[in-house]
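Before any comments, here is the structure.
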Amino acid sequence: MDTGGSSGLAKSAAVKLSEMGERTKQFGNAMKAPDHQRRIILVIVCVALLLDNMLYMVIVPIIPDYLADLEIEQAEHVHIDIHANVSVNSTMSSAEAKSNKDNLDVQIGVLFASKAILQLLVNPLSGTFIDRVGYDIPLLIGLTVMFFSTCIFAFAENYATLFFARSLQGLGSAFADTSGIAMIADKFTEESERSKALGIALAFISFGSLVAPPFGGILYEFAGKRVPFIVLAVVCLIDGILLLTVIKPFSNMTRDNMPVGTPIYKLMVDPYIAVVAGALTVCNIPLAFLEPTIANWMESTMHSTKWQMGLCWLPAFFPHVLGVYITVKLASKYPNLQWFYGALGMVIIGASSCTVPACKTFGQLIAPLCGICFGIALVDTALLPTLAFLVDVRHVSVYGSVYAIADISYSVAYAMGPIVAGNIVHNYGFVQLNLGMGLVNVLYAPALLLLRRVCQMKPSYSERDNLLVDDDEPEGLCDTIKMEERRGKKKSYSSAGNCLPVVVDENGGFDSFRAQTHASSDESFGPEYS
């Protein structure tokens, strides 16, 4: 009886193991499916972007108070003779207090800007590196550097170490942000899917930026300085492990068959890419300049409490997500109006920025801040996919360098913010700062009219894909995939009367100026993307 029971248990265990093996095999096959791979990649990239922006903003409520405590600790070690000449000492103490406050403000501004400054310097190199080796390994490098910088931040006990950790974070962001956005653009080739995926990524960026200050402030208040950074370091480690186990960057050799990307300096002089990069910089200036200055203004004009200053940006998350959603929906129906969505967003940003100084209460201030974030969502969601589209039709469909340019655009705004904004407020006033930022956005919006002809060329295919005809033999994995997709989804676009003809210049890219000239001389053209 015992032998029979043992045999039955053994058979049952064997059946269960066989079922588990079959399920594991099915799960592995499902994970290898392109749709599942793209979703996993999107999750990994979104978590990386969330972490980077949380690390950027989590120090907002922590560092000023922590550095002030460090100043007090250092002052306690300095011997001050308080028994001689009390009146003189009181005068000197007042002057020293003012000097120490100014010095602390400078330290905080430099610390906040150091991340964006190093990111700005590294991005041209990281974009070229990503074009050479692909998107997986740079993303892993970025996550690794961000993990170590977060750990250093958690255990730093002096300003020099904090500055090093903050700068190291900029190095990690230059790789993680650029490669992550470029990976999304590369994996989601259809315009509607690409806009939706980039919109989801922007929602995570917004959530990280806006939820980080209250997250850091609450944990700092009740658990100390180290806990917020340790939590983020653990999440960063998990995301890196997921990248290693699912995507397996070191075993992915498909980059051997991918085309060589256009050098970043050539992309920078492309007039259309330059217009988009300028718009990304200008639209982020209000957010970058208000973040380090609005707390002091709220305290002096509204007598706001600490929690109000910490939570003033949090409600803006919801209109930002709404802006992303609206832009994605509109772009899927009217893809030739991407330039208009961006221009409308800049006008909304400008108008909202001008109304900030008129607010008298915390409740009134929420409305223009929501308007600024809503406008930024329109601009980013419309123009980030446009960058990939411009590379597709004018250059080679490799996206590392073009999104390095986008990251440079953001970094310019956030590098200037903590340093320049304070000086403008000190010399000219908070009202003039906001009016200037609003005016710059409104005046720049018409520049996006230059993109209206290019945006009419949707749906798009890359220059390499346009030149690949069905009779050619595909070279490598990239061409094989493109050829199969085209044979399965062959469509005629000859009825698209608004489209421009494809004219390839001597550099192998699309030249819209020559296309427009060609269109004026031959009104009966009908471009076919077959």
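Easy rule for this one: first residue shown is 1, then count along the chain.
Each Cβ is built from the backbone N, Cα and C atoms, and glycine gets one as well.
Taken from TrEMBL, the feature domain 'Major facilitator superfamily (MFS) profile' applies to 41-453.
Outside the transmembrane segment (40-63), and at least 6 residues removed from its termini, the chain residues within Cβ reach (under 8 Å) are 31, 108, 111-112, 115, 139, 142-143, 146, 149-150, 153, 162, 166, 169, 172-173, 176-177, 180-181, 183-184, 187, 197, 200-201, 204-217, 220, 225, 228-229, 232, 235-236, 239, 242-243, 246-247, 291, 310, 414. If you look up TrEMBL, you'll see 40-63 (among others) marked as transmembrane segment.
Annotated transmembrane segment per TrEMBL: 137-156 (among others), in sequence order.
Within the chain carrying the transmembrane segment (197-220), a Cβ under 8 angstroms from the stretch's Cβ atoms is held by residues 38, 42, 45-47, 49-62, 65, 180-181, 184-185, 187-188, 227-228, 231, 310-311, 313-314, 316-317, 320-321, 324-325, 327-328, 373, 377, 380-381, 384-385, all 6 or more beyond its ends. What TrEMBL lists as transmembrane segment is 197-220 (among others).
Within its own chain, the transmembrane segment (226-247) is flanked in space by residues 31, 37, 40-41, 43-44, 47-48, 51, 54-55, 58, 62, 136, 139-140, 143-144, 146-147, 150-151, 153-155, 215-216, 219-220, which lie at least six positions past its ends and keep a Cβ under 8 Å from the stretch. The annotation transmembrane segment is assigned in TrEMBL to 226-247 (among others).
Residues or ranges marked as transmembrane segment in TrEMBL: 267-287 (among others).
Per TrEMBL, the feature transmembrane segment maps to 307-328 (among others).
Listed by sequence, the residues of this chain that lie at least six past the ends of the transmembrane segment (340-359) yet keep a Cβ under 8 A from its Cβ atoms are 279, 282-283, 286, 290, 294, 302, 323, 327, 330-331, 365, 367-372, 374-379, 381-383, 386, 430-431, 434-435, 437-442, 444-446, 448-449, 451-452. Among the features that TrEMBL reports, transmembrane segment is placed at 340-359 (among others).
Sequence-remote contacts of a segment are chain residues at least 6 beyond its ends whose Cβ falls under 8 Å from one of its Cβ atoms, and for the transmembrane segment (365-390) they are 181, 185, 191, 194-195, 198-199, 202, 206, 210, 270, 272-273, 276, 279-280, 283-284, 286-287, 290, 298, 302, 312-313, 315-324, 326-328, 331, 338-339, 341-342, 344-349, 351-353, 355-356, 359, 399, 402-403, 405-406, 441, 451, 454-455, 458, 460. Taken from TrEMBL, the feature transmembrane segment applies to 365-390 (among others).
The transmembrane segment annotation in TrEMBL covers 402-425 (among others). Nonlocal intrachain contacts for the transmembrane segment (402-425), taken as residues 6+ away from its ends with a CB within less than 8 angstroms of a stretch CB, comprise 56, 105, 108-110, 112-113, 115-117, 119-120, 123-124, 126-128, 130, 173-174, 177-178, 181-182, 185, 264, 267-268, 273, 276-278, 280-282, 284-285, 287-293, 296-297, 384, 387-388, 390-391, 395, 432-433, 436.
Counting same-chain residues at least six beyond the ends of the transmembrane segment (431-451), those with a Cβ under 8 angstroms from any Cβ of the stretch are 271-272, 275-276, 278-279, 282-283, 285-286, 289-290, 293, 338-340, 342-344, 346-347, 349-354, 356-357, 375, 386, 421, 424-425. The transmembrane segment annotation in TrEMBL covers 431-451 (among others).
Across all of the domain 'Major facilitator superfamily (MFS) profile' (41-453), the predicted model scores a mean pLDDT of 84.
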